[in-house]
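Under the heading active site, for GATase activity, TrEMBL lists Cys2. Residues or ranges marked as L-glutamine binding site by TrEMBL: Asp101. The ATP binding site feature in TrEMBL is assigned to Ile294. Annotated domain 'Glutamine amidotransferase type-2' per TrEMBL: 2-214, in sequence order. Annotation source TrEMBL lists site 'Important for beta-aspartyl-AMP intermediate formation' at Asp369.
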Amino acid sequence: MCGITGFLDFSKSASIEDLNGMVNSLEHRGPDDCGVHFSELSGFNLGLGHTRLSILDLSNHGHQPMSFEHLTMVYNGEVYNFKEVRAELEVSGYQFESGSDTEVILKAFHLWGVKALHKFNGMFAIALFDSRLSKLYLFRDRSGVKPLFYSYQNGVLLFSSEVKSFHNHPSFKKVIDHNAVGQFFKYGYIPEPYSIFEGTHKLLAGHYIEFDITSASFEVNKYWDVVDYYNLPKLDISEEDAFAETEKLLSSAFEYRMVADVPVGVFLSGGYDSSAVAAILQSNRASKLKTFTIGFEEQKYNEAEHAKKVANFLGTDHVEYYCTQKDALDILPTLPDIWDEPFGDPSSIPTTLVSQLARKEVTVSLSADGGDEIFAGYSKYNGIRAKHDAFSKLPSFSHKPIEHLLRNKQIHKLCEKAGMHNAEDRLNRFSTMLGADEQRLLALSSCTFTELELALLLKQKPEKLTTNFDLDIDAGWLSNVLATDYKTYMLDNILTKVDRATMSVSLEGREPLLDYRIIEFAAQLPDHLKLNQKANKYILKEIVHKYIPKEIMDRPKMGFGVPLFEWFKDELKEYFMTYLSRERLNESGLFNVEYAIKLRDSYLAGEQANINKLWYLLVFEMWREKWMRQKP
């Protein structure tokens, strides 16, 4: 795991010192080594930078940037099947000087060009300069595990693993994208391909950029998309064969991600996904697997006890830590630097803590993200289906009158008097769902601020952006929802959270459930093997029960919840008062201050309903303090 950054600068305004500054900003991603390639060429300057966290071949043979003939490359990630790819290359006459996957990737591009992407099983962000073709390529892995930002403005192409390095290039302009602000307050993250800054983008998962230097233009090309597999006909497969093939793929994917020349561990929550990873891996080795868990003193959020039961049964070398209010207070000031664009998931705090915990003992840790999106684990999927079925029974001519009724303030007051908590918000949300399809229902259920509330919060109305909530897919209701959830919440929330949290402490986070072979196979499985009357995530649960008794595993799903309200009542309250003061909110020029103050004061009066809205406001203002008010 590493960090990459660089530029093609037709203005020739950047120097090697600027490139070094960009690289230094990513030192946390790779503290073991760094390197740069800077060339003043005819018509442009080329800069390629790299920071290295040594995982495979710990010698200097893995140093980057790495060159071979007309190709120069910087690369972040791991290609787990590099030994098989290397064997193919050796048959074609290639020789190798190192045991690193970097050299294999570089020579694979030399032989196969961009078609080499289809050879790789892994997570990666790659920049490849081809002096013969006069082109720069940027590649991102199929599953979107590794991030890659880019910006092309005023004759300068910038790219980086994290947008913070752009601040070190003289051409970069820090202009907030108001439309992206709207997306952030809706979802708590900014969906790809957008970013918080105008003109800066995230490269889409499974895509690559081909930048032609001669014409100073580029294309974004797709080489893989999960939607293509959901759109295929479902497999005609027996339950027994489906179980066997899924377990085979899981075992292969998990073992691939244990390949390293440094210690490896597993994040264990005690849920089915992480328990599957720990159980299958522990069953295949004599030594004890290292597992790590974060718990909470507040019992309704605490999964540590469940994780300990699983760890004890499997016999892993288990380490746990209980997150306190003080821990949250200590980590909170660091969040704007770790997430260098606004990020609203409060579980970023325990994710950072468990990363710190693991880093004391290992350099690589496996996370078990993706099981819910791939195998239909979330209970919200049942709710979406139930709402859609209920709404579809209403005649279409009734939608508008019902919508007006639900938005009537007198109705809101009557419902409040009758005991409905937070009636206005709940009825307004319900009114937007009338006539919506499953994808739209998923988008609406994912919003923290509704469209109506955004209009109250923001001074400037954001334009509607096309996002992955607008996928062109018609593969049946469950496939539509799973594909959409994967390409929104999974990519832009969960994977962002895990990458930044692990990399902030120089820990490589690997995602075994996001092996593209598992994703492709699961997308084609019949719906009833994922979601049925017996269970959500049916097939994965049945496989886990082969390794861990059902009585240990069966419990209500908790998710990675965080006791925000409990924390902010006490030690963290001052953050609200400082960052959400009238003066600060006025200074930003973005908000209708009276509405924001109303939200804050409702919390001070003991109202819990708006805690997530306030958290978004807090982390946004903390981000603005770090990146817009101060010089980074």
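Quick reminder: no glycine exception, Cβ is built from N, Cα and C everywhere.
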Considering every residue in the domain 'Glutamine amidotransferase type-2' (2-214), what is the mean pLDDT value? 95
Whole-Å Cα distance, the residue listed as 'ATP binding site' to Asp369 (site 'Important for beta-aspartyl-AMP intermediate formation'), is 16
Please name the residue among the recorded positions Asp101, Asp369 whose C-beta has the most neighbouring C-beta atoms within 10 angstroms. Asp101
Which of the three DSSP states, helix, strand or coil, fits the residue listed as 'L-glutamine binding site'? helix
Cys2 (active site, for GATase activity) versus Asp101 (L-glutamine binding site) - Cα distance in angstrom: 13
Between Cys2 (active site, for GATase activity) and Asp369 (site 'Important for beta-aspartyl-AMP intermediate formation'): CA-CA distance (Å): 20
Does DSSP give Ile294 (ATP binding site) helix, strand or coil? strand
Measure from the Cβ of Cys2 (active site, for GATase activity) and count the other Cβ atoms within 10 Å, all protein chains considered. 29
Using DSSP reduced to three states, classify Asp369 (site 'Important for beta-aspartyl-AMP intermediate formation') as helix, strand or coil. coil
